[in-house]
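What Swiss-Prot records for Thr2 is N-acetylthreonine. The annotation compositional bias 'Polar residues' is assigned in Swiss-Prot to 24-33. Among the features that Swiss-Prot reports, phosphoserine is placed at Ser29, Ser30, Ser34, Ser48, Ser62, Ser92, Ser93, Ser461, Ser463, Ser637. Marked as phosphothreonine by Swiss-Prot on the basis of similarity to another entry: Thr44. Annotation comment: Swiss-Prot describes 52-68, 119-151, 628-647 as compositional bias 'Basic and acidic residues'. What Swiss-Prot records for Gly69, Lys70, Lys71, Lys72, Gly73, Lys74, Gly418, Gly419, Ile420, Lys421, Asp422, Phe423, Ser424, Lys425 is ATP binding site, and it gives similarity to another entry as the kind of evidence. Annotation comment: Swiss-Prot describes 69-79, 102-118 as compositional bias 'Basic residues'. According to Swiss-Prot, the feature site 'Arginine finger' maps to Arg232. Annotation source Swiss-Prot lists region 'Mediates interaction with RALA and RALB' at 403-499, citing similarity to another entry. Marked as compositional bias 'Acidic residues' by Swiss-Prot: 535-550.
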Amino acid sequence: MTECFLPPTSSPSEHRRAEHGSGLTRTPSSEEISPTKFPELYRTGEPSPPHDILHEPPDIVSDDEKDHGKKKGKFKKKEKRTEGYVAFQEDSSGDEAESPSKMKRSKGIHVFKKPSFSKKKEKDFKIKEKPKEEKHKEEKHKEEKHKEKKCKDFTAADVVKQWKEKKKKKKPTQEPEVPQTDAPSLRPIFGAPFADAVERTMMYDGIRLPAVFRECVDYMEKHGMKCEGIYRVSGIKSKVDELKAAYDREESPNLEEYEPNTVASLLKQYLRDLPENLLTKELMPRFEEACGRTTEVEKVQEFQRLLRELPEYNHLLLSWLIVHMDHVIAKELETKMNIQNISIVLSPTVQISNRVLYVLFTHVQELFGTVLLKQVTRPLRWSNMATMPTLPETQAGIKEEIRRQEFLLNCLHRDLQGGIKDFSKEERLWEVQRILTALKRKLREAKRQECETKIAQEIASLSKEDVSKEETNENEEVINILLAQENEILTEQEELLAMEQFLRRQIASEKEEIDRLRAEIAEIQSRQHGRSETEEYSSDSESESEDEEELQIILEDLQRQNEELEIKNNHLNQAVHEEREAIVELRVQLRLLQMLRAKSEQQLQEEEEPERRGGTGPLPCEGVLEVRAAKEQAKPSPSKDRKETPI
């Protein structure tokens, strides 16, 4: 195939046309435009049929572009092609605007016909304007090329800046807003008013200080007195934030797992977040004025008077803080913290000037001599159900732990009744109830053991005396203790026997129900087996596999639901068991009270009878018989007054 291009303006054909005159045009011969004279005008290729469709002109490639042509892709070649057409259009339009003679010459070239050319190929030489879409594409390609050149010169900072600008331009998709409910949520402890924090996290011993302050001071008294630069060296921020979040959730983290500097930073953070000054805005100027007194006695007296005017919460917190810091200063050899260092650290934290802090630290005994830092005792935990926690051994320790657990139980009930839904608090509630049940049971056992030891001691002391003295001077207190113990044991035994019979009947009914259900299952399986032998299954293997998958999914779902129900059932059974024990205990106490009441009425009647008869008292030997008769009467029979314990 032979392709034809317009010759350049400086070609020999233009010179010939200029020599022949401007008014005449002639058709050039085949020799004048032969390929040997104009090698760039024709390009030989495969021959094409004479009436072929319209072909696009090939790309015009320069020498410089040929060197780099192998490194460029299709996109670069298309750019060159479009640029070549634009240049050709601008040159031709400019020539046409300059002189009409050139237009005529160009018409002459268009009129020229060669036998191998068709009418359709003549259209390739006509200059047409490109549509708007192609112009828009060209401009877009040029902009992209310009951006690529700029991107090569970009640094990392420029790339990050450009990415941020693109991110700002993008509008975030607006998600549908969820209607907010008015459910109460826990407010943070850090930054809360001091009185509010005290009411929410006060310890069981009644000292009106927040738990975070008490526990931090207690930890620092144990582990921070040998740490160099304590309160000056900051702790790890991530751990401090972790502890802060735990206290904001009203939890009690184990500070033993953290370093002293971390706990010290937590304490400073709490003091820094207090919404009000410890010395209050009204009294702060007066404290500053008191520092300017001439004598130390006047300073101390004025400070004592101003401290009495402080609110109760502020005075208590300030006294504990100053006494604790005085302990740190006393360990200056280990901590390397003297009055000046502590004042520099504490002044911006609590917003108190160095002058006031210096007076407080130098007169601790006169101002806070009666303050004693009481150690914190954590309530007992029972997080692992597989192991039993170590309970106190003495009655005093058990009673103290019961007070702690009851205080914690009341706090949990208050939070849950306030509408705050917290699964961890619900679990802690069950845990506290289990601990209380175990503690009360152990307290009863301790009282019983103490009573038995006391009785054994009394019996041992009485065995040394004569039999006659034992009969006449028998200790009424020991008899009463024995009777009370015997009555309590017998009544408790009766209640437990009644509960045992009730549980046995319930177990028997459950076994019958299990046997009935097993029989029904066996009958259903036999029916299905017989039906499978008589029926013919014509379903495809694909439908059977799908049914099996659906049945497997349903089975897994049912198993998961069954596990959840078993867990709930275990919790309910445990709660029912604990309630039954409490009911048995109450019934025993009720029956004991009834027995004591009947015994007191009987004694009153016996005392009234001798008075009616003339004041004749019973013989000494009759006293022993009456005591033994009272023992036999106080013993309840196992078959009498037996009641079943309902669920």
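In case you wondered, yes, glycine gets a Cβ from its N, Cα and C as well.
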Check: Where does Ser461 (phosphoserine) sit in DSSP terms: helix, strand, or coil?
Finding: helix
Margin query: In the three-state scheme derived from DSSP, which category covers Arg232 (site 'Arginine finger')?
Written below: coil
Notebook entry, point to check: Which residues of the same chain, at least 6 positions away in sequence, have a Cβ lying under 8 Å from the Cβ of Arg232 (site 'Arginine finger')?
Noted result: Met337, Asn341, Val345
Next item on the list: Count the Cβ atoms, other than its own, that fall within 10 Å of the Cβ of Ser461 (phosphoserine), considering every protein chain shown.
Entry: 11
Check: Can you give the mean pLDDT for the region 'Mediates interaction with RALA and RALB' (403-499), rounded to a whole number?
Finding: 73
